[in-house]
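Listed in TrEMBL for this protein:
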{"type": "TRANSMEM", "residues": "A:6-27", "note": "transmembrane segment"}
{"type": "TRANSMEM", "residues": "A:34-53", "note": "transmembrane segment"}
{"type": "TRANSMEM", "residues": "A:59-78", "note": "transmembrane segment"}
{"type": "TRANSMEM", "residues": "A:90-112", "note": "transmembrane segment"}
{"type": "TRANSMEM", "residues": "A:146-163", "note": "transmembrane segment"}
{"type": "TRANSMEM", "residues": "A:192-211", "note": "transmembrane segment"}
{"type": "TRANSMEM", "residues": "A:231-252", "note": "transmembrane segment"}
{"type": "TRANSMEM", "residues": "A:264-284", "note": "transmembrane segment"}
């Protein structure tokens, strides 16, 4: 019993982190209709910046500085790439973000180095034992995971509120829906894009920070973004709650499958289980579990 | 013209009381506008003005350049030649966002609503330029930001009442029938409290009842909010009933600019337009 609950908790913890990655995709997609392939590269870039800056200063300062760098990056991406592609096909924009991804991966390693760097947030490494009175032996929970999941959840809540309830959030959603109409009511596209890419930069930074503090910052960090893809498919590209629930489902499903199905299938399930889940959802509900129903006038 | 420009400082917003008799500074004045797309002359030497509080119609057969003209005023197209004076200010390069900032709102011939968003959010989006609170205070939901949101909500609710769409407040506009979507489009434009409202075929594709409703809303918007309106319309009956003065375009040229009755009697207009239109209707 205790082991089962521990598995569930571990699954939910990694689920929160998957949700965070997926959120990066969803935010940019919602606000500009672009599927941002560079999200993984942004995670790597932000984490590298954070890790290297942290060698010289306390981590909160390094965090702020890294965020500032991500904002500058967002501004540059708008200025040099997106501005020239207004009103272009979605595929064109997708290819552009693919280019940005390779560029960022290269630039990040050139500027910050290509070694493995630690991020130390001073989080307690030792686990806590909980619920000893209810379950024999209690449940072993990693404090580090708990804090990471908590802060990720707080960030997600804040962003959801911002998007749904604030004027700027509304303007961002308006831009996503119709560029021309947004301009006609005086919403400046370029500024909105800088804002949304900055927010995606912040999400990337937090993601990179948390994963980096667990596993160290290295190139493979840009690949965890691939784990965001099944989450996004599961939850729907346009839904913030979908990204959260999708992340939790993937994290949980993966861990449970690994532990309980793994021995039967010879293990290694964790690496492909998420994609199988996504495929099944795609067959049943192409817009994802929470995506907006596609309304078309024929 | 110089004298007109000099009175710029004395210009008051058209939404305030309309002095009827006294000659006023026009809200909008177009002079000798030429627009070309490659070899195609979309607009040639267009010139007219729009007085505060008036409903001004632009009519003409298909391809006459009506929408192009609207897009010039709105800053979507930049004319190669000509002068555009808005509220006493001669404008150089016009852009859609700049036009919105100056107080020019528009609706679209083919709806361009934020279809995933609710009716209320669409109209609130029209308040965008009136929002003063910064990104940070909105994100943190500080008191001023919340208070501001409430103020704008009041304006939005007033417009929703005015357009009689209370029942659909929370419905995503993509799910509404066409006639209602047109109303939301108008509502979003009105929410900007524009000095000048451009309506691109507000009745296109509507049935008789919807047309009557829309005409009523346009007239009331003009009277109640004191909005100055420029509208493009195909339906001749509607135009003649609604508008104070009519500009007639044909093949990019301006062939008449007069009161509805005079336009109706103008032989050139009849030849270009009314001849076929009266046969239809």
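Heads up, residue numbers simply count up from 1 along the chain you see.
Cβ coordinates come from backbone N, Cα and C, glycine included.
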Result, the transmembrane segment (A:6-27) in contact with the transmembrane segment (A:90-112) (3+ CB pairs under 8 Å): no
Among A:34-53, A:146-163, A:231-252, stretch most in contact with the transmembrane segment (A:59-78) (C-beta, under 8 angstroms): A:34-53
Folded-back contacts onto the transmembrane segment (A:146-163), same chain, C-beta under 8 angstroms, at least six residues removed: 12-13, 16-17, 19-20, 23, 27, 30, 123-124, 128, 169, 172-173, 199, 202-203, 206, 210, 213-214, 240-241, 244
